[in-house]
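Working notes, beginning with the structure itself.
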Amino acid sequence: MTQYTLKQASVLLQSKQISAVELASAYLAAIAEKNPALNGYITIDQDKTLAEARAADERIAQGNASALTGVPVAYKDIFCQTGWRSACASKMLDNFISPYTATVVQNLLDEGMVTLGRTNMDEFAMGSTNENSFYGAAKNPWNLEHVPGGSSGGSAAVVAARLAPAALGSDTGGSIRQPASHCGITGIKPTYGTVSRFGMVAYASSFDQTGPMAQTAEDCAILLNAMAGFDPKDSTSLEREKEDYTRDLNQPLKGLKIGLPKEYFGEGNSADVLTALQNTIDLLKAQGAELIEVSLPQTKLSIPAYYVLASAEASTNLSRYDGVRYGHRAAQFADLEEMYGKTRAEGFGSEVKRRIMIGTYVLSHGYYDAYYLKAQKLRRLVADDFQTAFARCDLILAPTAPTAAPKIGADASPVETYLSDIYTIAVNLAGLPALTLPAGFSGGGLPVGVQLVGNYFAEAKILGAAHQIQLNSDWHGKRPE
């Protein structure tokens with residue numbers, strides 16, 4: 001019962017072939033069996049889950065259900081929900097029970113979706129491996145010795161392991177797409193401002209965006225329909241007409257212009273990644289898509305620009321954690337200043353401290369122009385590159401990550417880890433939508449994904465192209481033993 005896609009589960013629930021309680025119970029049993037090794041979930045509450053499932057069954061019986069009523073979903077530990085712990089995988093918020101619910105979570109609750117739990121992540125969404133979690137690293141279900149990616153690694157792992165039909169993630173510099181690639185699932189980061197950020201713990205406010213993660217592009221489109229929309233509680237939310245993100249699912253690939261950035265297909269990519277790209281190129285050609293070489297020359301500048309800007313925003317956003325109103329507080333201190341210092345030293349992990357220090361430095365007097373202002377100018381150049389490319393093509397095909405998932409504990413420096421996000425970060429700098437879908441496997445049997453990037457508000461086109469690729473391939477249907 002836990003092998004269904006979101007769409008399949010929806011059909012079975014609406015036709016009353018299964019009940020929401022039966023489906024939720026099956027997932028809870030699978031979680032109890034597999035999660036101790038996987039560590040994909042860090043918070044489970046069976047009573048709350050089954051109560052939501054019973055309410056969903058009542059709604060279905062009364063005939064006022066939506067297509068998502070009774071379908072289970074997992075939430076990254078970054079989303080607040082009344083009565084649930086929302087720790088952001090940090091000691092700092094280990095005991096924080098949220099008094100309110102994030103808008104995107106409320107949207108799915110209004111549809112009647114059933115909460116399975118909170119998934120593991122890199123602390124405060126800072127990381128690419130899920131090793132920066134206070135609760136220990138999540139594992140890759142394809143090989144438990146490898147990382148699932150990050151920062152939404154737990155969400156990717158539980159969907160791949162069939163411990164949830166879908167999950168929510170957040171994407172600041174690739175945190176939905178990179179773990180989706182490493183775990184062999186589909187995940188989309190929408191255009192910045194499409195999905196409300198209210199109730200999602202902030203890391204870098206001008207980058208953060210919520211998106212769905214599931215087995216298929218069709219599942220992601222169905223979820224995004226429920227997630228997206230204007231929210232007056234979020235000052236960065238975009239006021240646009242409601243869209244149907246499933247509208248292009250049946251559009252053929254014939255005639256679609258796909259850009260291939262010449263800078264993305266060279267050195268630095270493993271043979272496995274190049275093979276996955278070629279698999280996708282061959283499929284696109286066979287279906288009649290037109291392939292065009294484009295250039296994104298400023299991509300190499302995206303890493304330094306991102307880590308200056310995101311760290312600066314993080315240092316500001318995380319200044320609220322001081323042990324006064326909520327979160328961890330040091331047990332012993334002589335005065336207020338010592339309480340602040342000890343609380344933050346004890347509550348934050350090493351990667352979070354590193355980024356706070358970088359951010360504080362680049363915003364400090366005398367360095368603002370040299371670092372922060374220059375990085376903002378680079379951000380503009382990266383965005384301009386994409387607009388030049390989209391003048392010639394509809395979508396861009398790119399790698400998601402230069403390699404398959406590395407081993408847990410791999411001896412990589414912070415800079416080497418940052419460089420692994422080279423293909424995802426540019427998209428966040430520009431605020432564009434992008435989706436990762438499975439496209440092959442490494443020699444070691446680990447999934448490898450590729451990325452489809454679109455212009456602003458091209459989510460339906462991206463999802464349609466991805467769905468057509470998945471109708472003509474079976475990478476997305478593979479699952480770990």
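Note that Cβ sites are derived from N, Cα and C of the backbone, with glycine treated the same way.
Record features, source Swiss-Prot:
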type	residues	note
ACT_SITE	LYS76	active site, charge relay system
ACT_SITE	SER151	active site, charge relay system
ACT_SITE	SER175	active site, acyl-ester intermediate
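Taking Cβ-Cβ distances under 8 Å and a sequence gap of 6 or more within the same chain, the neighbours of SER151 (active site, charge relay system) are MET121, ASP122, ALA125, MET126, GLY127, SER128, ASN130, ASN132, SER170, THR172, SER175, PRO179. Classification of SER151 (active site, charge relay system) by DSSP places it in coil, neither helical nor stranded.
The Cβ of LYS76 (active site, charge relay system) lies under 8 Å from the Cβ of ARG118, THR119, MET121, SER152, GLY154, SER155, ALA167, LEU168, GLY169, SER170, each on the same chain and at least six residues away in sequence.
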